[in-house]
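Novice: Here you go, one structure.
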Amino acid sequence: MAGGPDTSKLGRGSFIVAGGLAGAAFWLTVYPTDVIKSVIQVDDYKNPKYTGSINAFRRIFASEGLKGLYKGFGPAMARSIPANAACFLAYEVTRSSLG
């Protein structure tokens with residue numbers, strides 16, 4: 001958005017948009033990994049349903065398809081966009097304040 005490493009001429013709105021877009025892009029790509037991690041975390045440790053992350057991926061994909069790897073994506077994205085936008089803005093405002 002700045003056309004280079006100097007972000008001093010960008011406004012706060014640009015930082016908010018950049019942070020929101022970066023957060024959305026990040027979660028879009030890593031969300032299936034987070035779903036797999038979550039199902040393993042809540043799995044019964046005495047009688048586990050999954051033997052590992054690859055097994056969890058295969059079983060989720062086989063039973064629910066790609067949609068199963070994006071369970072809960074809407075709420076996660078609704079949280080991620082404003083959180084990352086605020087993080088980018090806070091970082092840039094702090095950085096410019098410190099010189």
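In case you wondered, yes, glycine gets a Cβ from its N, Cα and C as well.
Residues annotated as repeat 'Solcar' in TrEMBL: 10-97. Annotated transmembrane segment per TrEMBL: 12-31, in sequence order.
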Novice: Averaging the per-residue pLDDT over the repeat 'Solcar' (10-97), what integer do you get?
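Specialist: Its mean pLDDT is 94.
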Novice: Based on DSSP, tally up the residues of the repeat 'Solcar' (10-97) by helix, strand and coil.
Specialist: 72 helix, 0 strand, 16 coil
